[in-house]
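Report on the structure given below.
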Number of protein chains: 4
Amino acid sequence: MSKTIKKIGVLTSGGDSPGMNAAIRSVVRTCAFHGVECLGIYRGYQGMIEGDFKEMGPRSVNNIVNKGGTILKSARSKEFMTKEGRIKAHQNLVNAGVDALVVIGGDGSFTGAEVFNEEFDFPVMGIPGTIDNDIFGTSHTLGYDTALNTVVDCIDKIRDTASSHNRLFFVEVMGRDAGHIALNAGIGAGAEEILIPEEDLGLDRLLESLQKSKASGKSSSIVVVAEGDKMGKNVFELKDYIEQHLPEYDIRVSVLGHMQRGGSPSCFDRVLASRLGVKAVESLLEGKSNYMVGILQDVVTLTPLEQAIKGHYPIDLELLRVSDIMST
Amino acid sequence: MSKTIKKIGVLTSGGDSPGMNAAIRSVVRTCAFHGVECLGIYRGYQGMIEGDFKEMGPRSVNNIVNKGGTILKSARSKEFMTKEGRIKAHQNLVNAGVDALVVIGGDGSFTGAEVFNEEFDFPVMGIPGTIDNDIFGTSHTLGYDTALNTVVDCIDKIRDTASSHNRLFFVEVMGRDAGHIALNAGIGAGAEEILIPEEDLGLDRLLESLQKSKASGKSSSIVVVAEGDKMGKNVFELKDYIEQHLPEYDIRVSVLGHMQRGGSPSCFDRVLASRLGVKAVESLLEGKSNYMVGILQDVVTLTPLEQAIKGHYPIDLELLRVSDIMST
Amino acid sequence: MSKTIKKIGVLTSGGDSPGMNAAIRSVVRTCAFHGVECLGIYRGYQGMIEGDFKEMGPRSVNNIVNKGGTILKSARSKEFMTKEGRIKAHQNLVNAGVDALVVIGGDGSFTGAEVFNEEFDFPVMGIPGTIDNDIFGTSHTLGYDTALNTVVDCIDKIRDTASSHNRLFFVEVMGRDAGHIALNAGIGAGAEEILIPEEDLGLDRLLESLQKSKASGKSSSIVVVAEGDKMGKNVFELKDYIEQHLPEYDIRVSVLGHMQRGGSPSCFDRVLASRLGVKAVESLLEGKSNYMVGILQDVVTLTPLEQAIKGHYPIDLELLRVSDIMST
Amino acid sequence: MSKTIKKIGVLTSGGDSPGMNAAIRSVVRTCAFHGVECLGIYRGYQGMIEGDFKEMGPRSVNNIVNKGGTILKSARSKEFMTKEGRIKAHQNLVNAGVDALVVIGGDGSFTGAEVFNEEFDFPVMGIPGTIDNDIFGTSHTLGYDTALNTVVDCIDKIRDTASSHNRLFFVEVMGRDAGHIALNAGIGAGAEEILIPEEDLGLDRLLESLQKSKASGKSSSIVVVAEGDKMGKNVFELKDYIEQHLPEYDIRVSVLGHMQRGGSPSCFDRVLASRLGVKAVESLLEGKSNYMVGILQDVVTLTPLEQAIKGHYPIDLELLRVSDIMST
């Protein structure tokens, strides 16, 4: 039987994403709402090892719902990968009176949480925070929707100059293992082609598509490339290859980079963060543990951490067809 | 048996919303993709009556995916409410060789489409375009997600000045019959209270809540009010009432108004518009008629127009609880 | 001879504006750069009276350069208008070891600073922070450039829906005594007419202009109205008047309100705030007092507070002509 | 004596920048206002050679004041560098009845205009359109203010993730020959160091500055680098160098690229474009030629094209000091 939970710790871990602060706020205020104490843990698992803690009440999360980044900071911790490090971390939580843990992060962070739970029978709950949207058990991770808007906004700007000069642009977006950002932002930005890890378009079809696009009267084109695209060429090599084969094109490359991780979260991400924070805390209070809270088919749900870590939320294949039709 | 469709007309009707242009683009390009002609109809049903048409090919919708408003313009048509007007409109479509119609708009527009279908056995398909999100058969209407971001962005600005001056703001947002915008944007913007048509909070509880909020140490507060709120007072009367009962508050009112209807669509709305446009055209080509295409549980679906008109997409009651907890 | 200054107090007063935080940061860091202490005074003159102070070092202003509002909060203080209140305030500064004061605000705030200087021979320096741009001695006040971008962004959204529906919009913007925002944002947003306090266009000419605009083939129109416009009618009365005389118009009103005061400052406002903060502190350290720092012809300059209070930065009359030509 | 001008041609040339459309609109409407015809020339000098023209009236520039890019498109023309090309271009203008030319672009474009004027005694007027702000005779080129806001907005996002991870970021911005963007956006974004072509900071001082910054308690840092920085290292080499010497830093690089050239122009750029367009046309009508219109000390002025081409608008050295103080 699970003992009564009187104090919950919360941390952010791994790559940060917009909406993490809104999730922290939600965890803190849900704790307060239920009369449970809340402890903020700085710099993820590393701060847990170092005892870098701060008591948090509902007023300590004022005015952060709209802020990018994470006020608890994030870090990767090698020490937490050792048994010794985790023992230290556990002892610190026990000393601070913490009974349960909410981990906001990606699958690496969840793996840490799962091991921690197993070793110390410590209640944990995960909230998916990453812009890549590559986590099984949730149709949307925190920050993903915001990142899509950031990317689309950037490509809109690039298109202004592309169409003024009749140019072809290769735009690299984040997504090492998953093409969610590339595929959705590519459709949203009206890209002519979208290259994602999940599908090897092939260089020949890319060439063909670009030629068809020019023939159809398009004077400028955008190709969106996920960083993890499987063509075996990075975006600059891709440019060189196309330039060699389609010398009539004036090509430029743009690598959007880390700005995709920042910015004020979209309304969707703020609401999602609020909902997931409530569910995470209340699930812990109900005695549940070792789950990730997520959203599936518009409903907040629990997925065992183990499944969330192993699986990946799949690309909607319908979107590949939509993309093809849109670039008619 | 439905005859083969060779030409599809498309129009926008009723209040405009961000994403309508992306939907027009999708309809036009899906037609082109399937070798079907497409006719743009200006100013909704009124333009149909006046024969205000323009042939549209894939290049006529270049560079509009990111534009607010509607290039086909919108209008309300009294004449179309008469049998005579509709006969004229039908004759114009027949003369122009149009076999089927895609109507982008809200429930008023769909009612027109349904009547038109019934009277002339003319294939019609609806795409929900309105920021209010009040249409049955789709969890998201075109423009709703964009409007949420616009509202949240405005309230973020208002909060800057509210918290600098320790003020209370009443912010009125759109939503005559539905509190979707108020409820979601209210949570997203961290509002202390949210007043919506679906729930009569009562003036006493509002007073109580504001007093509690002040007592808890909050120095500024935002109350989001849907224009259709059922308190029987408009937002200015509400202000007067609160000022009378809580004289310690320095209160201001902000009515966001029509800017909520404009702006470049969010990535979500652009992708949704692209998907719905494909589905609308392909459903017509498959011989279907009298449906609205929408999205439910992340899947594009068809709902009979009749149901879409009669019903309303319900408020997620869980969000009222989330809002309460968040304002702890 | 002025005694050596070892500690400078800084406050924000009156209506807040974007860039105030950047100015606070600049004052604090310039103090640190020169080895002078800095004391933050909360809630303007009221906080000075109540001794609501906080020591500020360079790290206490981290990550605020891009934040709207003011971390020092602002307030209007009736008590400071009394001799008694000012004596209390002065005593508090003396007790805290403060030798000089930087006041960030508008002309009301400067009047307070001037009186304070006169009564206690206390060195003061003003930094103009208000979105209205109505202060003599500076071509730009802090927040003005940001407010222009906010207004133009809102009207862009309104235009989306205006042109979709062939409507006429009256948009009221801030500016009780000065038409700077209306005139510049009106030109920037492509308004057909701009009504400002400095020029009484007259209702007849407005009617005439709108008729000409319609005749010239414009299907939608925006009229920007400064809240202090001298037509003797508020924006809703104006709407009624025009509707009566030009019944063919479908008119809507939008009052932009307080959101104009918030938001992340533009690059211009952040750079200006940084420059003015440096100049304010260094001028005090040079023994100067009773000036406002401002920018004139791209150069940072000092203007005696007395002149800054009495005068107004004039409207550029050339812009009225430009506006006329642009609405051809 | 200059003959009466009845028709003015307008083109955009070189790299595009936000505000070019607003300038085209201003030229077209000022022509209409004065009863002069206006001819749009597509793709700069190349379109002049190819006779790629379009008559433009006041309604053909509706709804473009807020659009990035240039509706007239831009191109670089090798053919125009030959006498033969220019003769063809001149003949086309004469055939089209064009008496004078407005060229919107950078110094390369102005050089073309000057040669053209000299060879054919053809009245020309330049409007400075480039984000780099490197043209003598104007304190602001069209697009510069917008680019600053774009850069600052991107760095704000990068800072979110930088400060969440205690990282150091090198952000490369445009400016091959001029550090205006880097210096102003660097101050605006709160950069710790700014590397510009006009000043060789030296690697040692950079190292020292970063060490001092860390020692002072800053947990994250942004270094803004103009692409034309004179350190002899590109931004990636710079990263490697610093990493070697300050291994405690976790460094990332972000190259903002072409998005800096696009986007909806700021209010400042729209108003400036409107003013410069009026002045350019009216100056031609007054018989002037071979000037660039610009803005100096807030006043619209004329500078001989020859001087505009040869000189450069200088960096404000005061800003280097401000930057130093701000990074205290």
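Backbone N, Cα and C atoms are what each Cβ position is placed from, and that goes for glycine too.
Following the DSSP three-state reduction, the secondary structure of A:Asp132 (active site, proton acceptor) is coil. Marked as active site, proton acceptor by TrEMBL: A:Asp132.
In the three-state DSSP assignment, the secondary structure recorded for A:Gly106 (ATP binding site) is coil. Annotated ATP binding site per TrEMBL: A:Gly15, A:Arg76, A:Ser77, A:Gly106, A:Asp107, A:Gly108, A:Ser109, in sequence order.
For A:Arg25, A:Ser26, A:Val27, A:Val28, A:Arg29, A:Arg159, A:Gly190, A:Ala191, A:Glu192, A:Lys218, A:Ser219, A:Ser220, the entry in TrEMBL reads ADP binding site. Neighbour list (A:Arg29 (ADP binding site), Cβ cut-off 8 Å, at least 6 residues apart, same chain): A:Pro58, A:Val61, A:Gly277.
The feature Mg(2+) binding site is assigned by TrEMBL to A:Asp107.
Here TrEMBL flags A:Thr130, A:Ile131, A:Asp132, A:Arg167, A:Met174, A:Gly175, A:Arg176, A:Glu227, A:Arg252, A:His258, A:Met259, A:Gln260, A:Arg261 as substrate binding site. Every protein chain shown contributes to the tally, and the Cβ of A:Met174 (substrate binding site) ends up with 25 other Cβ atoms within 10 Å.
The domain 'Phosphofructokinase' annotation in TrEMBL covers A:7-283.
Closest to A:Arg25 (ADP binding site) in space, going by CA atoms and restricting to the recorded positions A:Ser109, A:Asp132, A:Met174, A:Met259, is A:Ser109.
Listed binding-site residues: A:Arg25, A:Arg76, A:Arg176, A:Arg252, A:Arg261. The one with the lowest count of other Cβ atoms within 10 Å of its Cβ is A:Arg176. Taking CA atoms as the reference points, A:Asp107 (ATP binding site) and A:Met174 (substrate binding site) are 16 Å apart. Counting other C-beta atoms within 10 Å of each candidate's C-beta, the binding-site residues A:Ser77, A:Ser109 are led by A:Ser109. Within 10 Å of the C-beta atom of A:Gly190 (ADP binding site) sit 26 other C-beta atoms, taking all shown protein chains into account. Around A:Gly106 (ATP binding site), the same-chain residues at least 6 positions away in sequence with a Cβ under 8 Å from its Cβ are A:Ser13, A:Gly14, A:Gly15, A:Pro128, A:Gly129, A:Thr130, A:Asp132, A:Asp134, A:Ile135, A:Thr141. Summed and averaged per residue, pLDDT over the domain 'Phosphofructokinase' (A:7-283) gives 94. Per Cα geometry, A:Arg76 is the residue among the binding-site residues A:Arg76, A:Gly190, A:Glu192, A:Ser219 nearest to A:Arg176 (substrate binding site). With an 8 Å limit on C-beta distances, the binding-site residues from A:Met174, A:Arg252, A:Arg261 that reach chain D are A:Arg252, A:Arg261. Proximity to chain B (Cβ-Cβ under 8 A) holds for A:Gly190 out of the binding-site residues A:Arg76, A:Ser77, A:Gly190.
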